[in-house]
Each structure stands twice: as structure tokens, then as C-alpha cells.
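K.L.:
My structure is below; once you've seen it, I'll send some questions.
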Amino acid sequence: MPTASSPPEPRRRLGEHGLAWAFLLPSVVVFALFILYPLGRTFYLSAHANDLFGAPSRYVGMKHYTDLLSSADFRHTLVTTALFVLFTVVPGVLGALLLVLLMESRIRGVRLLRSAFALPFAFSVASASVVFSVFYNPASGVLNGLLSNLGLGPVGWLTDSKWALLSVAVSTIWMNLGYNVLVLSAGIGSIPGEITEAARLDGASGLRLARSITVPMLGPSLFFLVVISTVNALQSFGQIHILTRGGPDGSTRTLVYSVYEKAFAYGSSDFGTASAQAVVLMVVVLACTAVQFGVLERKVHYA
Amino acid sequence: MKRSSRALAALLVSGLALTACSSTGSGGSSDDSGAPAASALDQASGVTTIEFWHSMTGKNAEALTALVNQFNTAHQGKIEVKPLFQGTYDDLIAKYKASVQQKATPAVVQVYDIGSRFMVDSKQIVPAQAFADKDGYSLEDLQANIRNYYSFGGKLQSMPFNSSMPLLYLNEDAFKEAGLDPAKPPTTLAELGDMAKKLTKKDADGKTVRYGFGAAIYGWFVEQLLAENGALYCDSDNGRSGKAGKAAFDSAKGAEIVQWWADLVKGGYAANTGRQTTDAQAAFKAGTVAMHLESTGVLRGYTEAAKFTVGTAAFPKTAADDQGGPIIGGASLWISGPGHSDAQKRASWEFEKFLSAPEQQAAWHTGTGYFPVNTKALDLPADKEWVAKYPQFQTAISQLKATKPTTATAGCALGVMPQARKGVETAIEQTIAGTKSAQQALSDAAKELQPAIESYNSSVG
């Protein structure tokens with residue numbers, strides 16, 4: 001009778017490994033086919049010039065990358081991307097937090113409010129963008145109509161380079177709000193009742209309760225939202241494409257949109273430059289996530 | 001001197017090409033020109049299927065489907081055209097490029113005007129002229145300016161299909177209200193600016209309720225205005241006598257046009273609705289702008305939707321002494337060579353001849369508002385009736401008749417034309433925002449475009 005500490009028979013181990021691989025195989029194949037291969041291909045394309053049809057024609061090494069570094073246009077794109085992240089992530093998460101905290105107070109119809117605030121989650125980016133484009137329309141839009149009643153405006157929400165990025169950011173915040181509210185509501189729901197109760201017994205309420213108990217206990221959810229929102233903001237495409245196409249004067253051209261423009265728009269098929277930009281985007285996403293895990297996560301309290 | 005010697009050279013070359021064609025006789029297979037003889041289709045067994053990629057939507061798609069069905073019925077058992085919608089013109093070009101890489105091009109493809117140079121350089125096509133020469137088919141009925149646009153080296157490369165032109169649209173009610181006569185529309189940019197000031201209306205609070213002018217920030221209009229002036233948009237005679245190597249839109253004239261536009265917006269006389277043409281169209285239809293630049297293609301939609309009398313006038317000139325005219329826009333149909341059988345090429349040519357024939361062009365014209373590419377179409381009763389019903393369209397007919405085909409009105413054939421257009425649009429935006437002067441913005445746009453031109457030209461070889 002074998003003892004518990006003896007290793008399993010080699011044959012059985014092999015069988016188990018084989019079985020494990022067999023189970024893993026479909027996901028490995030899908031992963032290799034749709035993630036690894038395109039990733040490798042992107043690196044390959046980024047080091048090649050293109051022929052007329054976008055096929056790689058000759059090796060150019062790091063040329064696309066050095067060209068990007070020296071391009072003022074690309075620097076502008078990076079700044080725009082950073083601003084877009086800032087304008088969407090910070091108000092998106094804080095706004096959702098505020099709504100969720102307000103909904104904590106026992107008011108009538110809070111369930112209805114909760115569903116209402118979660119509703120944007122059900123909208124597709126495309127349909128929400130179309131709705132916003134109607135709001136923003138310079139000649140017949142609702143927003144300028146309201147402003148003119150106040151004796152203000154008209155503002156070129158999407159046609160003025162000072163406003164366009166902000167307008168796209170506002171639409172993005174709205175689109176993300178539903179998801180953010182859902183996540184934070186769930187987070188609040190999972191805060192153990194005895195902690196809140198103990199705090200209340202100690203006389204904490206309102207702001208004090210929120211600041212010292214609810215928000216710290218929401219740490220993991222908030223951290224999750226910041227990471228996810230940042231990645232989402234960096235990858236936003238639909239609303240930019242529908243609302244502004246990167247304009248006016250490139251003021252809403254984020255990194256992803258720039259990749260699209262170089263590769264497909266305006267009859268361009270510069271897959272080399274587009275791939276180099278895609279690699280830069282990947283590095284930016286990795287760096288953001290790494291920094292967030294390195295700095296923010298230390299401050300997160302996991303209950 | 002220079003021009004005449006060039007014309008002589010062109011004549012010589014086309015003459016040589018003609019003799020080359022006639023010397024090959026009427027063999028059944030394709031020769032150097034790439035055009036097979038009619039027998040290729042006769043000898044083919046069964047149904048020859050050809051794929052046709054297009055970018056038509058809405059009413060235009062309906063009209064196109066009707067024409068394709070008509071063709072398929074007439075050639076039942078012999079030819080079947082399969083129309084496939086491929087998204088916008090830009091989307092279509094991107095997909096077409098992929099299809100070239102995969103060696104799976106469609107037999108016939110509809111490509112927008114500014115993609116013409118690319119299509120020639122792609123070396124994937126059989127010129128329409130090659131078929132016409134082989135058959136002794138006359139292309140004389142095709143409208144001269146339209147033929148001029150799609151001809152390179154004196155040879156017609158593709159079959160024009162949906163052609164449009166820019167017009168100046170007027171809100172006649174607004175004209176009357178402002179004490180202006182819609183029968184005397186502005187003819188120059190300066191006049192247009194003056195009238196825009198008179199047509200701009202503010203309410204008691206000082207809010208603008210109607211702008212005098214409004215057009216989409218669409219580079220096409222700048223191309224048109226330069227052509228009206230007779231100015232070139234790129235070098236090498238607008239890329240017609242050789243490969244263009246440099247943009248020429250950053251001229252003093254170009255700056256004058258862009259500055260004029262920006263000044264009207266900044267002065268509060270023109271609405272800035274951005275690049276989306278649909279937004280500018282909505283503003284005109286709603287009566288919030290009194291004068292408006294748009295293609296002939298939207299005329300019918302305007303007369304149906306607007307609650308005021310829609311007038312049309314010739315596209316403005318930059319100055320009274322301008323000698324040029326508008327450039328034809330729209331798209332044409334290209335026949336693929338490599339990877340397609342002689343029967344397919346032949347079937348494609350039959351399809352193109354059908355679509356450009358007077359009767360079909362009249363149906364297309366009246367169904368969509370595009371300009372008929374076949375001059376005979378205008379003589380058909382159905383077409384005459386339509387023009388009588390929409391007299392505004394007469395403006396387009398007269399405007400094109402009055403335009404002499406020159407290199408300026410042929411339009412610039414630059415491989416990276418879509419990017420050039422985008423650069424000019426950015427320049428307009430910068431001038432309106434006041435971040436740059438018009439001249440500076442255009443010079444920067446030309447400078448930014450230069451690497452794209454060079455990389456394009458070097459990949460063409």
C-alpha cells in the first residue's frame with residue numbers, strides 16, 4: 001500500500017498531463033491563432049515598408065519607430081490620448097462613486113434610480129454615439145438649443161478643436177457610467193454589515209462613514225474600475241469614429257484612431273507605421289497597468 | 001510651345017497604340033492591351049459570373065440594383081453580374097487592396113474619382129480604351145469633361161458611371177426676404193461673401209438664426225475652386241503628363257480661398273458644421289444657411305425635404321476673370337485583368353457598355369441626380385421630362401457644357417489624393433481656429449503630404 005507522500009506513477013502522470021493538454025488545446029489554439037500570431041505579425045509589419053496594396057515589401061528595421069519619435073503629429077496624438085484617459089477615467093469613476101454613495105442613503109425609489117443609472121450599460125457604443133451626435137449637432141442640436149435659451153452659445157461641440165475632445169469624453173463617461181455603477185453597487189453590497197454597524201454605533205454617519213468605511217472597503221472595486229477604464233479609454237474607437245473621425249484638426253485623434261487612419265482611412269495602407277503605432281499602444285497599456293498595480297494596488301485594502 | 005509639343009507627343013503615342021492594336025487583328029485571346037475580343041464570351045460555355053463591388057447606398061443602391069437586374073435578365077444564361085456592396089469608397093479601396101494581395105479581385109469595381117491614379121498604378125486593370133479600340137466602339141458619346149477626367153496618356157482607363165459636380169445651392173425664400181434677387185446669384189467668392197453678409201439674420205437677442213453661407217469642410221470644394229481659377233492642384237500638369245511629385249494647392253490662390261472661407265466663419269456669416277457633409281446638408285435643409293455648396297447628387301433630396309424654394313447656381317469662381325471650370329466628381333468602373341478569364345473580362349466590358357448607354361444613364365440620372373455620363377441620355381424624352389420637372393438641374397448641364405476640358409479641370413491625379421484632400425481639410429480647420437494663417441496651414445499640409453507622395457511614387461516604381 002503506497003504511502004500518501006510517494007509520487008504518483010510516471011505513467012499516470014503522463015496520462016494526466018496529456019489529458020490536461022487535451023483540455024487546454026482548444027484555448028491554446030484560439031489564443032495562438034488570434035492573439036499570438038497577430039502580435040508577432042504586428043511586430044513583423046512594423047519593421048517593413050509597404051507596397052501599393054499594403055503588403056510588406058522590404059525590411060526597414062526601426063525606421064517606423066524613429067520616424068514616430070520625431071513626428072510632432074505623433075506627439076500630439078500621444079498627448080491627446082493621455083488627455084482622453086484623464087478626462088474619462090477620473091470623472092467616470094468618481095462620478096459613479098458619488099452616485100453609488102448617494103444611493104446608499106435610504107431614499108424612496110432608490111431601486112429605480114439604481115436601474116436608471118445602470119442603463120447606459122445596455123447601450124452599444126454605436127447607438128449611444130449617434131444619439132450624442134444629435135445632441136451635439138451645431139445647427140440643430142439639443143445642447144445648443146438649451147444654451148441659446150440661456151442667451152449663450154452656440155458652441156461647436158464637435159467642430160471646435162477646443163471642445164471636441166471634451167465632448168467625446170463626456171459621451172464616453174456616460175457610456176461607461178452604467179458599468180461603473182454596477183461594479184461599485186456590487187462592491188458596496190459586499191461590505192460586511194457588522195463593520196458599518198460598528199461604525200454607526202461609534203457615531204459615524206454621512207461623510208465620515210463614507211470616507212472612513214465605505215470608500216476604503218470599496219478599494220478593490222475602485223482599483224478594478226480604474227484599471228479597466230484606463231484600458232478601455234486607451235482602446236476607444238467607436239465614439240471617436242462616429243462623432244469626429246479624429247478631427248477637427250486632429251484634436252480627437254487618439255492612438256487607436258491614428259492606427260486606424262494610417263492603415264485604412266483616406267486610401268492609406270501604411271501598415272508599417274500603423275503597426276509601429278499599435279506596438280506603442282501596447283507598451284502604453286502595459287506601462288499604465290504595471291504602474292497601477294505597482295503604485296495604486298499597495299493602497300488597496302482587501303477585506 | 002511646351003504644351004503643343006506635349007500634345008504632339010501624346011498624339012504620337014496614341015497613334016502608335018492604335019496601330020499596335022490594329023496590327024494584332026481580331027484574335028480570340030487577349031493581346032498586349034489586355035482586352036480580349038468579343039469571341040471570348042461567345043466561346044465560353046455556361047454562365048459567366050462576374051463580381052461587381054460598389055459603394056452605393058439608399059436610393060442610389062436601389063437604382064443600381066434595378067439596372068443590374070435589367071442587365072442580368074437581358075443576358076440570362078450567358079452573363080450574371082453579382083453586385084456586392086462594400087461600404088464607403090474608402091472602405092472599398094481598403095478591401096480592394098486586400099483582394100489584390102489575396103489575388104482575388106472582383107471583376108468590376110467602382111472606385112471614386114480620386115482613386116483613379118491608384119487604380120492605374122495598381123496594374124490590375126484593363127483600360128476601357130483597350131476594349132473600345134478592339135471593338136471599334138466609339139467613346140465619343142461620353143461627355144468630354146468626364147472622359148477627360150478618367151483618361152491618362154490620352155486613353156480612357158475606366159468607364160465613367162456616376163458623375164457629379166458641385167453646385168451653389170440657394171434658399172430662394174431667404175434671398176427674397178433679404179431683398180436679393182435669386183435670379184442674380186453670386187458668381188465670385190467676393191460676391192458670395194457680400195451676399196452672405198446680407199443674408200445673415202439675427203434675432204432680437206443678437207443670436208444668429210440664419211447664416212448667409214454654410215458648407216461642409218470638404219477638401220473637394222477647394223479642389224473645385226482652384227480648377228475654376230484654372231490653377232493646378234499638383235505638378236506635372238495635375239499628374240496628367242507624368243507622375244505628380246509635389247502638391248501645388250499651397251499657392252497664393254489656395255491660401256486666398258481658404259482665408260476667404262475662414263473669414264466668413266470667423267465673421268459669423270458662415271456656419272461651421274464640421275467635416276460631415278450630412279450635417280451641412282441638414283443645416284441647409286433646415287433653412288439655417290442661405291447659400292451652400294454641394295454636389296448635384298443631393299438636389300433631389302433637397303427639393304423633396306426643404307420647406308423653401310431651392311435654387312441652384314453655377315459653382316462660384318474665385319474671381320471674375322477665372323478661365324477654368326469645375327472638375328467632374330463621382331466614381332467610375334474598372335475592369336480587372338490578372339486572375340480573370342477572357343470571358344469574364346469581356347462580360348465586364350459588356351456590363352460597362354450597358355451601364356453607360358443613353359437609356360441606362362437616363363434612368364440613372366433621373367433616379368439619383370448624378371450627371372449622365374452619356375450626352376445622348378439628355379436627349380431622351382424621360383430625361384427631358386425630368387429636367388423640366390427639376391429645372392434646377394439645368395444649371396449643372398449648362399455649367400459642364402461651358403467648361404473646356406483642360407488639365408486644370410481634369411483634376412489632380414495624385415496617388416495619395418485622398419490624403420491630400422484630408423490635409424487641405426485640416427488646413428481649413430486650422431485657419432478657422434486661428435492657430436495658423438491660411439498660407440501657413442496649406443504649406444504645412446503640403447509639407448506633411450510630401451513623404452506620402454514620395455513613398456507612393458517609389459512603391460510604384
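Using the three backbone atoms N, Cα and C, a Cβ is placed for every residue, glycine included.
Take a look at what TrEMBL says about it:
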TRANSMEM  A:20-39  transmembrane segment
DOMAIN    A:74-292  domain 'ABC transmembrane type-1'
TRANSMEM  A:78-103  transmembrane segment
TRANSMEM  A:115-136  transmembrane segment
TRANSMEM  A:163-188  transmembrane segment
TRANSMEM  A:209-228  transmembrane segment
TRANSMEM  A:274-296  transmembrane segment
K.L.:
In the same chain, who gets a Cβ under 8 Å from the transmembrane segment (A:163-188) while lying at least 6 residues past its ends?
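P.N.:
For the transmembrane segment (A:163-188), the far contacts come to 80, 83-84, 87-88, 91-93, 95-97, 99-100, 103-104, 114, 117-123, 125, 128-129, 132, 136, 155-157, 214, 217-218, 220-222, 224-225, 229, 232-233, 236, 239-240, 243-244, 247-248, 251-252.
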K.L.:
Who are the chain neighbours of the transmembrane segment (A:209-228) in space, where the CB to CB distance is under 8 Å and they lie at least 6 residues beyond its ends?
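P.N.:
Sequence-remote neighbours of the transmembrane segment (A:209-228) are 89, 93, 96-97, 101, 104, 180, 183-184, 186-188, 191, 195-196, 199-200, 289, 292-293, 296-297, 299-303.
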K.L.:
Please indicate, using numbers and ranges, the residues of the same chain that are 6 or more beyond the transmembrane segment (A:274-296) and have a C-beta under 8 Å from a C-beta there.
P.N.:
42-43, 45-46, 64-65, 67-68, 74, 81, 85, 223, 226-227, 230-231, 234-235, 255-256, 258-260, 262-263
